[in-house]
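**Q** Please see the structure below; I have some questions.
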Amino acid sequence: MNYTVKQIAEITNAKIIGDENLLIRNIAFDSRIIYSTKNTAFIAINTHKNSGEKFIESAVDRGIDVIISEHQYPGFEHITWIIVDNSVDFLQKLAQYHFENSHLKSIGITGSNGKTILKEWLYQCLWNEFPTVKSPKSFNSQIGLPLSLLQINNSYELGIFEVGISKPHEMEKLERIFHPQIGLLTHIGNAHAANFQSEEELIDEKIKLFKASEVIIYNGDNSLVSKKIHELYSTKKLISYGLKKDNQVFIKEDVSKDENITVVYIDEEISFPVHQRDEATLTNALALITVLKELKIDNLKIIEKINSLKAVEMRLEAIEGVKNNIVINDSFNLDLDSLKTALQFLNEYNKPKKSLVLTDIVGVNSNSKELYEEVSELVNDQNFDFVFLIGDEISKFSELFKAKTSTFVSTQELIDSKRLTEIENQIILLKGARKFEIEKLKDILELRKHDTVLEINLNAILHNINYHKSLLKPGTKMMAMVKANAYGLGSYEISEFLQHHHIDYLGVAYADEGVELRKKGITTPIVVMNPEQHSYEAIIEYNLEPEIYSFRVLELFYEAVQKSGYDKKYPIHIKLETGMHRLGFKDFELDELSETLSHKNVKVQSLFSHLSSSDVPEEKEFTYKQLEVFEKNSSYLIEKLGYTPIRHILNSSGITSYTDHQYDMVRIGIGMLGESPNSEIQKQLQSVVSFKTVISQISIVSSGESVGYSRKYKPDHATKIATIPVGYADGIPRLIGNQVGNVGVHKILAPIVGNICMDMMMINVDQIPNVKEGDTVTVFNAKPSLKEFAGYCKTITYEVLTSISPRVKRIYIKD
Ligand SMILES: *Cc1c(COP(=O)(O)O)cnc(C)c1O
């Protein structure tokens, strides 16, 4: 969106106190996650449970200068207020106006199950066909939907929004603000949700979303749904899909393993690869195909797109367990339908013996005796060996279950009983309502496959970014450098997380790093620092923005742009040389540069340079000289260009040491990973990376014996030596063997003894009390810290991180 305060007030009949000419592009509703305050208004949302007004102060502290609220509060100077009668009505009114004036093609998804998966799949399939906007995660409520709609701007052509309701009459309100052209109705469960009298009432309410739709694509397996849609919407284009063969879109062959499935789409047949064959996945795939066909995507492309879909937080997760068990973790939600899906999923596995952990079903409005009778019938069909029931409700009906059944009041009680450790060679289904947190059981049952892991704490990255942000002015943008696989930590995982937290730009070294991110669905602007000639086409095709550092690159890249038929101004970033002597335009080239640029259909998105020594206190004078050259040369170019690109020069230690020179953007790298050369700053940052392994074996080596290749370590008394499974092939430099480096065991440093082997090394654990095989060893994190470890290696933290071998499993931690 893009409105002045005045326009917003006119659209919504609100009152303004303050500057009516301010421009608003974003509305934030949670003061803890305001990422950028520029052109952002904070809305204090009042619901019957909560008042957002108590967060106004913290929003203002963060730099917000426009507040939307039902009341004005004294004491906030220079703040512009938009005073509204009702905060939720306001949002809905604004969203309605915004949507109706957007000229967007829109898809609205509703139903009981599968909405989020379908939205994410559609997005993955369509974002590179049309610029596409979608609702974030599960933003589908009375507040979430309007906020999602407000993300629409002129650059989008397609919008995919999820619409969820939980009470009667909610859809009417939502349909008033959002009337999709294409309506998609996913599966509607038989177990009617709480708050509804009957299944019919629920269907009636949901299909109100399609009042103004041109096309309705619906799951026709539920005959009541079919009947209702035909009664109400017979004049619209209707397409039914589903597993029953009387739908217009269905699966022709019976599902058999290892082969494609043939889908009948109205009057044609198409073969598709499908890797997962549970009913829910197949049904969702049919819906996806139907929407793609409706959008005129050709069959070959559809097949290709389906092939490259990535799992969207698969609700059902199969994990290799201890004692040769397989664990199916489905602790996301629990109702009769999802229980059926999960039970069916079990049959995909070839294990004769099965056990089940099942909790109370919560939030369903029906007679519990009937409900649990139905549950027990489903469960009894499966011949489970053990059934573990958790919760007061379900426990009352334990005698309905035929298996060896035990009851527990809580998940913890089941853990404490140690009953799960009896299970061997089985498939174990964990099926529970959220509040029972049965995912805790997963930790106990899961086989630890990787002893050596690099653990990356995403929350710590966010903390570190916010710390650096707190030093900057509210409007300063931030680019995160994710080059070299995000300093070795995993480019996609880190970028996805940063995109979720609204980072302004990403920076990569090579085009292929950017292409990989785009292919996986990253839409944040990406700058390529080293655009190689052979990659120009890929850069253009994937909407990446090159760093232009010489006339040669400028000419060749521009040639590629023209050849590609790109007809708008291509965004580029001009690198100025200010003293690093790596890449960039020099003083004497500026006139020719501005002259050349003026003849080309490009847009200089930014002017930037790089500091060679922002982390070296002794080079302050030199750094100030670099900053001076940058100021002078960039100002000169801006004058010549006749417009003002954003400017940036600070890297992480630049942000902390030369904050005054932040210009419009900064580029953070090592700082977000929790490292600073300045010990005071270091204290404020959180450690992100932890390289861990476990002790494989402990031996006592006597005097006269030796350890490792070439007998480099010969203890002079009987010494406890532990072997750990990391070596130089994992990225530990061989030069830190022979007591140069240490690792941490029980928070005590243990010296590396003897030569480091390819996949293992030995450490002296003589001084460590109670040490035993299987204990965790910290290669670096706290003791030793990453910095200390880099010290052993006689290098910098950057090189340590980027040297860790890809075979070390990366694990991401997030609350
Ligand atoms: C890598 C890089 C950065 C980030 O540097 P840090 O020291 O990790 O903050 C910034 N700018 C450019 C051009 C870079 O290549």
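A Cβ is built for glycine as well, from the same backbone N, Cα and C atoms used for every other residue.
Pasting the feature list from TrEMBL:
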| type | residues | note |
| --- | --- | --- |
| MOD_RES | K483 | N6-(pyridoxal phosphate)lysine |
| ACT_SITE | K483 | active site, proton acceptor |
| BINDING | R582, M758 | substrate binding site |
| DOMAIN | 688-813 | domain 'Alanine racemase C-terminal' |
| ACT_SITE | Y709 | active site, proton acceptor |
**Q** Rank aside, I only need the closest one: which of the recorded positions R582, Y709, M758 has its C-alpha nearest to that of the residue listed as 'N6-(pyridoxal phosphate)lysine'?
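**A** Nearest by Cα distance to the residue listed as 'N6-(pyridoxal phosphate)lysine': R582.
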**Q** Could you please provide the mean pLDDT value for the domain 'Alanine racemase C-terminal' (688-813)?
**A** 95
**Q** Fewest other CB within 10 angstroms, which one of the recorded positions K483, R582?
**A** R582
**Q** Can you tell me how far the Cα of Y709 (active site, proton acceptor) sits from the Cα of M758 (substrate binding site), in Å?
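**A** Taking the Cα atoms only, Y709 (active site, proton acceptor) lies 11 Å from M758 (substrate binding site).
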**Q** Tally the residues of the domain 'Alanine racemase C-terminal' (688-813) by DSSP class, grouping H, G and I as helix, E and B as strand, and everything else as coil.
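**A** Secondary-structure breakdown of the domain 'Alanine racemase C-terminal' (688-813): 23 helix, 45 strand, 58 coil.
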**Q** Is it possible to get the count of other C-beta atoms within 10 angstroms of the C-beta of M758 (substrate binding site)?
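**A** A count of 11.
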**Q** Using DSSP and three states only, what is the residue listed as 'N6-(pyridoxal phosphate)lysine'?
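**A** The residue listed as 'N6-(pyridoxal phosphate)lysine' sits in a helix per DSSP.
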**Q** Inside 10 Å of the Cβ of Y709 (active site, proton acceptor), count up the other Cβ atoms and send me the figure.
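**A** There are 12 such Cβ atoms around Y709 (active site, proton acceptor).
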**Q** When DSSP is mapped onto helix/strand/coil, what comes out for R582 (substrate binding site)?
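**A** Coil, per DSSP.
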